[in-house]
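Feature list (source: Swiss-Prot):
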- Cys2-Cys19: disulfide bond (DISULFID)
- Cys9-Cys25: disulfide bond (DISULFID)
- Cys16-Cys52: disulfide bond (DISULFID)
- Cys18-Cys40: disulfide bond (DISULFID)
- Cys27-Cys38: disulfide bond (DISULFID)
- Cys59-Cys67: disulfide bond (DISULFID)
Amino acid sequence: SCIDIGGDCDGEKDDCQCCRRNGYCSCYSLFGYLKSGCKCVVGTSAEFQGICRRKARQCYNSDPDKCESHNKPKRR
């Protein structure tokens, strides 16, 4: 149930939703707490790497495998 790039995402869940192609949920923040215009967007490589690491740590039902790193660490 990944969301296509440009698709609407839930700002309450912010980065915790799965967006296709290493995307993440980006919102406009109004007055620091109201979020609007939330869409799945493609970030730079550095942005999505950081967001994916945060997502893996913070999101309750996160699936870090959805963060397709270009340099995946080798499994031992």
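Note: Cβ is positioned from N, Cα and C throughout, glycine not excepted.
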Cys18 (disulfide bond) to Cys9 (disulfide bond), Cα to Cα, whole Å, comes out at 9
Secondary structure at Cys18 (disulfide bond) (DSSP, helix/strand/coil)?
-> coil
Candidate with sparsest Cβ neighbourhood (10 Å radius) among Cys2, Cys9, Cys18, Cys19, Cys25, the listed disulfide-bonded residues = Cys2
